[in-house]
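Database features, via Swiss-Prot:
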- 1-63: region 'Domain I' (REGION)
- 64-141: region 'Domain II' (REGION)
- 141-145: region 'Flexible linker' (REGION)
- 146-199: region 'Domain III' (REGION)
Amino acid sequence: MIGKLNGKIDSHCDDYVIIDVNGVGYLVYASGKTLAKLVEGKFYKLFIETHVREEHIHLYGFLTLEEKNFFNLLQSVNGIGTKMALSILSNLTPTDIQIAINNDDRNIFKAISGVGAKLAERIMLELKDKITKIFSSSAIIKDSNISSIAINEVMKALVNLGFTRFEAQNTVQGIITQNPKISIDELIKTALKNRNSSF
């Protein structure tokens, strides 16, 4: 499975790019917003989601882990596949999606080609609880390299290790405020170290 590609954009098409990695060209599909940022001849790091089927292997590329995570999150909704997930991400950023669901704004989804009233309703119903948890973490990650979904997973891990939800959120927020560029592994280690030192 391919998780990341570092290379030069060799060619640019309507819904994909060819990225040259050490002489090997990989065809990578991406959202319109991501494609608009990729310039032929320049080097980029793309986070990759690999879909393996009997008849094909498709690679989907993202400039941020947050967009990749939302690509997978959207596909958890009944009726949304890879093409529709990319279409939504071509029109809306992850933050746009969070805000729309938090504000119960179906119209922003219905304005996207292929998303009718029924699918917009399913997006609201099936992602509401997930997005609410993610949205509560968004303030924590304002100046951080870590995505909101990853922050939520860190807090769940800390709760499983004995933190209350309140303790986990306050601890994570305090650590990221002091070190916005901290990695997920170091974030968890620091949180546990801080908790142990307080006893």
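All positions are counted from 1 along the displayed chain.
Each Cβ is built from the backbone N, Cα and C atoms, and glycine gets one as well.
If you take every residue in the region 'Flexible linker' (141-145) and average the pLDDT, you get 55.
In the region 'Domain II' (64-141), the DSSP tally of helix, strand and coil residues is 52 helix, 0 strand, 26 coil.
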